[in-house]
Amino acid sequence: MGARASVLTGSKLDAWERIRLRPGSKKAYRLKHLVWASRELERYACNPGLLETAEGTEQLLQQLEPALKTGSEDLKSLWNAIAVLWCVHNRFDIRDTQQAIQKLKEVMASRKSAEAAKEETSPRQTSQNYPIVTNAQGQMVHQAISPRTLNAWVKAVEEKAFNPEIIPMFMALSEGAVPYDINTMLNAIGGHQGALQVLKEVINEEAAEWDRTHPPAMGPLPPGQIREPTGSDIAGTTSTQQEQIIWTTRGANSIPVGDIYRKWIVLGLNKMVKMYSPVSILDIRQGPKEPFRDYVDRFYKTLRAEQATQEVKNWMTETLLVQNSNPDCKQILKALGPEATLEEMMVACQGVGGPTHKAKILAEAMASAQQDLKGGYTAVFMQRGQNPNRKGPIKCFNCGKEGHIAKNCRAPRKRGCWKCGQEGHQMKDCKNGRQANFFREVLASGGHEARQLCAETSVPISPTNGGGSEGTRESESEGGSGRAVPICLPQIPLWDRPIVTAKVGGHLCEALLDTGADDTVLNNIQLEGRWTPKMIGGIGGFIKVKEYNNVTVEVQGKEVQGTVLVGPTPVNILGRNILTGLGCTLNFPISPIAPVPVKLKPGMDGPKVKQWPLSREKIEALTAICQEMEQEGKISRIGPENPYNTPIFAIKKKDSTKWRKLVDFRELNKRTQDFWEVQLGIPHPGGLKQRQSVTVLDVGDAYFSCPLDPDFRKYTAFTIPSVNNETPGVRYQYNVLPQGWKGSPAIFQSSMTKILDPFRKSNPEVEIYQYIDDLYVGSDLPLAEHRKRVELLREHLYQWGFTTPDKKHQKEPPFLWMGYELHPDKWTVQPIQLPDKEVWTVNDIQKLVGKLNWASQIYQGIRVKELCKLIRGTKSLTEVVPLSKEAELELEENREKLKEPVHGVYYQPDKDLWVSIQKHGEGQWTYQVYQDEHKNLKTGKYARQKASHTNDIRQLAEVVQKVSQEAIVIWGKLPKFRLPVTRETWETWWAEYWQATWIPEWEFVSTPPLIKLWYQLETEPIVGAETFYVDGAANRNTKLGKAGYVTEQGKQNIIKLEETTNQKAELMAVLIALQDSKEQVNIVTDSQYVLGIISSQPTQSDSPIVQQIIEELTKKERVYLTWVPAHKGIGGNEKIDKLVSKDIRRVLFLEGIDQAQEDHEKYHSNWRALASDFGLPPIVAKEIIASCPKCHIKGEATHGQVDYSPEIWQMDCTHLEGKIIIVAVHVASDFIEAEVIPAETGQETAYFLLKLAARWPVKVIHTDNGPNFTSAAMKAACWWTGIQHEFGIPYNPQSQGVVEAMNKELKSIIQQVRDQAEHLKTAVQMAVFVHNFKRKGGIGGYTAGERLIDILASQIQTTELQKQILKINNFRVYYRDSRDPIWKGPAQLLWKGEGAVVIQDKGDIKVVPRRKAKIIRDYGKQMAGTDSMANRQTESESMEQPGEIP
């Protein structure tokens, strides 16, 4: 107050106090009126220091005078007071305010007349930018426009693109210009022909109107008189520069052609602005969460584009600005009154309607203001004082509730003064001091210490209410002992506008710290030194400022030099150029949690996926979202040094016009290390204990509250593109856990667990269930105490950066939690409504099944088997599916069950768990978990797993195992079971198969329907029963086969089969034996496949043959089934093997087959090892693998394996750079043929196939079902070349897996060599060459080309070897030993060499010299010996393996 009172001293103060307020009034001016005037000037952003001098008061009067006509009474009173003060400074003798105003008017009138007289005598200056000056001869000449001005104009047009800002920019740059200069400016932007055409039309219209209103004089002109300008003369098309100068400067009859032309240009610019900015001022409305400042910016930007008079624009400002604001801001603006200034509006609405993160950040910063620093405090840098001793939680002044502040309050706003908080007056009428405790009933920082930002810094910035000291203060506790306090950097909270006192060039002033401003702009400050004029843009338009360089700015003892702009700004601003020098940072307290270190998978680099194009509205939405996230500290801008990128896109939120940002992290997820999920499932309400008090909380912005590892952030980079590549994309990276990234759930769960552990330990009576951001808090405490503990939990989370919004804070039942509805003594699932549709799609059925599965955990008897049958196979989501009668019945049954609400109860630890299981037929089961009868904790259902052959007891064991695992997870212990099976039935089955599955203890109850075994296999041969030796064989190529049996009594039955496989034939042989046998039978088979199926005692099967076998088994009294190894000389087995193999399969005989088979039976080695160790051709080795029952036991077809026969190729089309590449891959070698084709047609595909067949032997081509592959041209090419064309899934569910993998490999190589080739077709052939001949690996360590040649050569050798062996088999050998003169034989010829032969005689292989052997042809006589290789048959040829020799 002393500073303001020092405006007048001594005699001047005495004179001031003698002046009356009104004529004849007793009240006189006092010192308090000076204090009041100083404060009012600050409200109007004027310098109160100017009141100290006469010149200063005169400047204030000139500044305020234009606003008197529309100003408030307070403004008029202020102007009157300054006028009186001006008279006091000038020593004028006045008695009251009226005389002071009269004196002021007289002095000002005399000055104006003197200036007018001086102007008449001085030469006319029409412009400062383009002056028309007088030369040495006294002639008026024109000074040409400068290149710098033209450059500024062109740059403005290119940057602003005819936005509303271009009009004041044109007016500023063209001030004083003549039409010649203006046309020069327009010619400089000739690239915008569309806009200039619009401007030309406006000029023509205005010129025509000028000619109509200013007709030319009739007759010739007098000598020496210049003609009057026409419309085209004003436009500069038919006039010269000299004529334009004369018209402008010819005294009283001057015509300012330049100003007239400028008005026409402005009219055209207005039209262009309206065209380029079609948004109407009526459409500018403030969003529900949009900051008021951003809304004002958009409002005035659009207002400048409106073609209206200034009076209309003033009306729009007074009414629409308030009318179109959001409800929160509108209520505050209306409370300010109709005459509130824009500054008052922006001050009042600061933080209102903005993102809720502001309140969270500020509350977090203030709540921890005195908590983390033990034994110390942080001097908080604020505009107004605060109470460091205030205790207690944050409390809202507006609604009185704890947990938030008034600026973030959603309750209706209190009316009242924005200074003192009292109702009955507004801020402009406040007499109660500068700042009261409005919105600060309880400061957020009261009772807490701020987090320690650094170890040591300078002294505190501003004293607290108790006074400041050099880094220490006395304790205010009862002891009163002083303590040392660690010194910390100053913090400037954002509860209010961050205004500080700064010394600029030696002058003290208050300025706003504005991180959104580039420059520092001050008003009414006199700086020394040279300055340059400059124009900057602000809220109200462009303003002219003076630019001073190297000005010293001091803030709280720290100095920095920088550029300062001085001009008529409404608020003094310290911009980023000064704040950066001071070392200021904008800190958003995301979380004090230590980041979890994350790495990429070994050998992998970050994603480098290009951003795909986005529409303009999506780019604008993403820009706004990212700007807000950047302000919150969630993301940061990055430069071009980061080589990684992940594409982003935007979608509209459901039932909303707002946009949501999505990041496609699929590529990053592939490359990121794997995480262990710390939580393997969601909590179940059946496992909750019944609690007296319950609360459900939700953590707001859960992932965004956890920091991301700084070393990993670079991999999350993404780019926001610009429309038409106008500017480079804006690059960002995440500072927090991103949504959609694979590591976010695990890291957040782990971090949240660590945060909750201290609270759990200190509050053991409180039970907290945590799943992601949902928290269930239960206790048996009284409700009031329970809620206190919940508030402590919320505060605990808040200190770590996690908020729990009031909107999702559930205090009263029913509680909605994790999809469940919790009541005090029961729970249920949230209401489920099944849709009633006439037309069902696959997607509808999927959603329906999901709802029913969710309901089955409390509703008993829910069945979905028939519904699931409708969507089997690969179908489109939109494909229409007709409901079967069974599915309709099942759906209606489920509807009936869901009509009546069903509830579950809570867990009681002192009681046992029980489970009841029921069978519903067709492999469907239901179960209930309970402690008391008819009070279920949980229910569920089970459907038979994917198994071709099973029985009820096996399914029952699976149900029990499933329920047991659930019980261990939910309740931590095993329940007791009540099962629908008799003890005898179970023990009979379980005695042999106990090792198959783990089963807990149970009780056997007689609750129908009971489960029983329909047949039983004997463990020992049945004495007196007939024995059937069964076998089957099939030819892979012809699909023909035989199946049958022989008995020890000589009875036999052989049937022929068509379109069969070896496994089907084996099963058919068992079926024939069962059909032809009596009530008791022994069956012997050499097929492990058959033994495995029947010995499991299935009661149902998906295979028709197995189902028939089951039916036959149920008719028998006793059945014994055993297995014997094939081809081991077992009589009956060998006999039936010969019978079914005749004319079906042939066997290749080579040395080492027996040893290889025995070795494989021991170790089950692969065919490569057999071929290498025993010298067998690959085909023979593969046949041995195919004949192994343990290596092929799971089905009739070798699913999951690709056919690697030498003549099989896969073909597919892929796309790159908008072109089509057709690729053919040799499956066995990975050799590639590829080229670019002009179109994906059948003709081009067939032509490529012909070229492929001309180069390489192709027997089979495998493709997908694309139209180019199924075309008539492709069929014709396959027919002509004799190539078998296969579609679909012949051997592998992903039958195109080889060519798809090669497509990826080929594209990868193309990217590596792309910069070496001009055209894509060249790059494709280069990549094919690299793949085929420059990269080794895989089988044999060859290149793909070498491997292909080796395979083809091996195929030829194998074929020739087969011919040679078959030829040799037609000869027999008689031989003799060296010591025995008797000829032995005949033996089998295995090999004939130049000096010796290799023979096999009675199982022994011998090498006999050529001279001691006689070779004769076999003419069909049956050779003796049961072990002769000629009579031995193997099952191997019937197996479906590649490379079989027919």
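Using the three backbone atoms N, Cα and C, a Cβ is placed for every residue, glycine included.
Annotation source Swiss-Prot lists region 'Dimerization of protease' at 490-494 (among others).
Taken together, the residues of the domain 'Peptidase A2' (509-578) have an average pLDDT of 85. The feature domain 'Peptidase A2' is assigned by Swiss-Prot to 509-578.
Summarising the annotation, Swiss-Prot assigns region 'Dimerization of protease' to 538-544 (among others).
Residues annotated as region 'Dimerization of protease' in Swiss-Prot: 577-589 (among others).
Annotation source Swiss-Prot lists domain 'Reverse transcriptase' at 632-822, citing sequence analysis.
Residues annotated as Mg(2+) 1 binding site in Swiss-Prot: D698, D773, D774. Residue density at D698 (Mg(2+) 1 binding site): 17 other Cβ atoms are found within 10 A of its Cβ, drawing on all protein chains shown.
Sequence annotations record features per position, and here Swiss-Prot assigns domain 'RNase H type-1' to 1022-1145.
Taken from Swiss-Prot, the feature Mg(2+) 2 binding site applies to D1031, E1066, D1086, D1137, supported by similarity to another entry. Packing around D1031 (Mg(2+) 2 binding site) is summarised by its Cβ count: 32 other Cβ atoms lie within 10 angstroms of its Cβ, all protein chains included.
As annotated by Swiss-Prot, domain 'Integrase catalytic' applies to 1202-1352.
Cβ contacts within 10 Å of D773 (Mg(2+) 1 binding site), excluding its own Cβ and spanning all protein chains shown: 19. Note on the binding-site residues D774, E1066, D1086, D1137: the fewest other CB atoms within 10 A surround the CB of D774. Between the alpha carbons (Cα) of D773 (Mg(2+) 1 binding site) and E1066 (Mg(2+) 2 binding site) lies a span of roughly 58 Å.
Comparing C-alpha positions, D698 (Mg(2+) 1 binding site) sits nearest to E1066 among the binding-site residues D1031, E1066, D1086, D1137. In the three-state DSSP scheme, D1137 (Mg(2+) 2 binding site) falls into the helix class. Excluding D698, D773, D774, which define the Mg(2+) 1 site, the same chain contributes L697, V699, A702, Y771, I772, L775, K808 within 8 Å (Cβ to the Cβ centroid), listed in sequence order. Under DSSP, D1031 (Mg(2+) 2 binding site) is assigned to a strand (E or B) in the three-state scheme. Mapped onto three states, the DSSP output places D1086 (Mg(2+) 2 binding site) in coil.
Each residue of the domain 'Peptidase A2' (509-578) gets a DSSP state, and the totals for helix, strand and coil are 3 helix, 41 strand, 26 coil. According to its DSSP assignment, D773 (Mg(2+) 1 binding site) is coil.
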